[in-house]
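Engineer: Here it is: the structure, laid out below.
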Amino acid sequence: MTACTFLAGGLRDPGLCGPTRWAPSPPGLPPIPPRPRLRLRPPLLLLLLLPRSVLSAVFTVGVLGPWACDPIFARARPDLAARLAASRLNHAAALEGGPRFEVALLPEPCRTPGSLGAVSSALTRVSGLVGPVNPAACRPAELLAQEAGVALVPWGCPGTRAAGTTAPVVTPAADALYALLRAFRWAHVALVTAPQDLWVEAGHALSTALRARGLPVALVTSMEPSDLSGAREALRRVQDGPRVRAVIMVMHSVLLGGEEQRCLLEAAEELGLADGSLVFLPFDTLHYALSPGPDALAVLANSSQLRKAHDAVLTLTRHCPLGGSVRDSLRRAQEHRELPLDLNLQQVSPLFGTIYDSVFLLAGGVARARVAAGGGWVSGAAVARHIRDARVPGFCGALGGAEEPSFVLLDTDATGDQLFATYVLDPTQGFFHSAGTPVHFPKGGRGPGPDPSCWFDPDTICNGGVEPSVVFIGFLLVVGMGLAGAFLAHYCRHRLLHIQMVSGPNKIILTLDDITFLHPHGGNSRKVAQGSRTSLAARSISDVRSIHSQLPDYTNIGLYEGDWVWLKKFPGDRHIAIRPATKMAFSKIRELRHENVALYLGLFLAGGAGGPAAPGEGVLAVVSEHCARGSLQDLLAQRDIKLDWMFKSSLLLDLIKGIRYLHHRGVAHGRLKSRNCVVDGRFVLKVTDHGHGRLLEAQRVLPEPPSAEDQLWTAPELLRDPVLERRGTLAGDVFSLGIIMQEVVCRSAPYAMLELTPEEVVKRVQSPPPLCRPSVSIDQAPMECIQLMKQCWAEQPELRPSMDRTFELFKSINKGRKMNIIDSMLRMLEQYSSNLEDLIRERTEELELEKQKTDRLLTQMLPPSVAEALKMGTPVEPEYFEEVTLYFSDIVGFTTISAMSEPIEVVDLLNDLYTLFDAIIGSHDVYKVETIGDAYMVASGLPQRNGHRHAAEIANMALDILSAVGTFRMRHMPEVPVRIRIGLHSGPCVAGVVGLTMPRYCLFGDTVNTASAMESTGLPYRIHVNRSTVQILSALNEGFLTEVRGRTELKGKGAEETYWLVGRRGFNKPIPKPPDLQPGASNHGISLHEIPPDRRQKLEKARPGQFSGK
């Protein structure tokens, strides 16, 4: 089909417009052969009937794309494609009187903001626009085109439908991909985009389109950076996310030179994702036609890894009907001199045909719209409407009209580098038909498993493939079983908790059977009093813990398990049972254990459900430990007890420690006052009544309204908020502590110096100004204590110190010492006794420590067996060892290094190096014999024999040392390498202790001389091994690797065959590379270029004319 036939309405006349009948091409294109004859068809007469002004009209088509910023898009040669289309169109227009078409190549920036600007600029210059390519600019371009009356063909928009002035070239990419995914039932997909704006926007537009069709797009991620590392990171995000069947690659195809897709596929092969568990679908191939055929793809032929990874790729691309291809059409156009003869067709992207088709499709819509409008100028909307009905000759086949273009699914066979057609998409039904070749998945597998078909059914809500009614019933069953299980667990838990609370060692519910009262025959008021400890001031008790002592005459004291207890009654007298919330709250409070916090023992319940009926109704009380000295208020009121500052500070420090412990456990006392602080028989103060408000709230008992006298310790912010007063705050406890400190320091009631009634004091504290606070003179306490009190009285809660800060400040007053009157004398005696015991223990420990140091030092100088013999005073006889392995090493160029270094630097060098060696030999069965200068000597097989293992131990140690030396650097000359040479030899020797002063364990024999000779004839970074050692290593068969060095002249031995030890199988540590010795160079020194300039001057002064030497 040719342009002339579709301009008149789409009738086909192959004899009229053949490929040889085009008009001369525009400048830049080769000349076109002249048309020999003209034959008019009746539909063409429509153009001839148009007014002459219309026939001579010029229609400018803009081709917008990232031609300048994207080299792969530029390979589509949009200039040649658009000019070829215009040339053919103008040839038809010249023959049949149609309008003339001109094309303008417009660059589109690769960045999204620039793309929008390019669209806006292009719409003012053209009558029709092919583009944009960036999906982010598609919707704005359509709106601007409607306003400007310009027709659009946005072939790069993945989800665009024909609407307004927009007419797509092909079926939207989302529809084609959806059809493919539905055919294979792959619902869960992920999108990986290139980092450029164009592809990122395309990925988001495609994901939106797929989600609109009901598919669960699991992930949309970008490759950043756009290399192999970015590809690995993107694929790891795919692995870590929800299950995925297919990965859509929104980027240039690797078949066109896309490096991002190459990296992604190679990374997938490395990570094992190209094994058939995932399928990879390229996105950009939906916009052009890749043709199957026998031609090899060079990009696959040149890389076996990519060819293997590409086996997991299914390529969906436009289908050229009748077996044609873009490459064949390019070849025919070049043969007819419509394209330059020197154009390399292999370098032209198949996108050439898409650009050509877009221009032709737009021209067809213009022609049909003008005919329908009687020859007048038409709007973009009219052109778009007629494009849908136009049928034009595409570059490789018919295009447009009622028939949608089709797609073909291409695949490789994993071994070759060719593409085969497997399925063809039916454009009308949306189904694939087999093209004869089955899809080949990696490793011959079946590919990713299918998802439930409900994902592709618009009338079904998909829940993992299960029917909604079944899901709903299952959900109800699970919820019902969960509720039943929760109820059963709750019931069992509370039942078990109740059993534990009423019986056993941890019970907390106490009855009349558990507590013995002082006057069991009295009335109810004699059983449990109101719980105020104020009345204790009238008592005189010498020892309430003794049954034979004088007992107080009050019924709020009882005997529980042999100890006296105190009962604090709950308000009211109608408590039938203890609520579960009360039990839980009390269990948490009872867990508070501290020396300065009174211990709660249980909840007493008389009458009701608590046990045998008591006179009256049920009585509920908190049972706590009883303190013999009563409350702090009682103690302060007893004037016969003298309280000096030592005594007062001891009490206050106990109080601070107790409140601090409660605050650390998140407990605000809320009712802190001097009568809630009790003192035991040892004058240790303890905080009690804590958590009482929480227990009342759990038991749903309203507290009794506090009197003004009880509110003297309450912070001002709590006085203003009754609800907050019942609960208490941490800052409120600090304020109450400050009032108690005033009581203790002044030994008077709160605010006693103000001569005001409690009601007046509470009113002034609640409603300042002025501030109402106690007054303490500086002669009653240290100034630091008074300042701390004033900080605790601060009006603003946030200005008061925390209990940790209060504790630190108060400790600093007495320098951290705790004083107690009664314990003072006992403490002195105990301290003297304990000091004496500690002194003896310390001296004994020091003696033992020094002995261990001496033994450790001796064993470092001599073998343990020899050291023990010397300590016992027994003589150490020389011992003959049949077979040992010796190690010798020294530093190459040590004399040169010494000449370039200060003496202290030489010492530091040897100390650092030998410390490194000593750390290594600790991991091997070897014995360090000695070090002389830069020489290091180690032996294995003595003084403890180890069979033939000595050779392997020395060899392993030598490899470890050589590896460590490769990274060792001198502190004063880090740029100068430290090279060592190592010699190993196995054989017999004699070992013994020589001398009485500074005895040394020495080795004697020919083996020692030979090992030393092996070292001296070695090379830097080499392990020189004698034949005897190699034979033992071979017999051990532990994988040691040796190389033959050749015959070496050994001092006193003559020429012998020697070897290099180069490694061991499984030894993965790096070994430094031995330096290459130039002919005539010494193997014992340092090269001139390795010596720093500043050190070289010093060396010249020390050794003129010589720069290396041993």
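Going from the start of the chain as shown, residues are counted 1 onward.
Just so it is clear, glycine is given a Cβ too, placed from its N, Cα and C backbone atoms.
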Engineer: If I look at Swiss-Prot, which residue among N302, N1026 would I find recorded as N-linked glycosylation site?
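Structural biologist: When Swiss-Prot is consulted, N-linked glycosylation site appears for N302.
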Engineer: Cβ-Cβ under 8 Å from N302 (N-linked glycosylation site), same chain, 6 or more residues apart: which ones?
Structural biologist: none
Engineer: Helix, strand, coil residue numbers for the domain 'Guanylate cyclase' (885-1015) per DSSP?
Structural biologist: 53 helix, 41 strand, 37 coil
Engineer: Average the per-residue pLDDT over the domain 'Guanylate cyclase' (885-1015) and send me the rounded value.
Structural biologist: 90
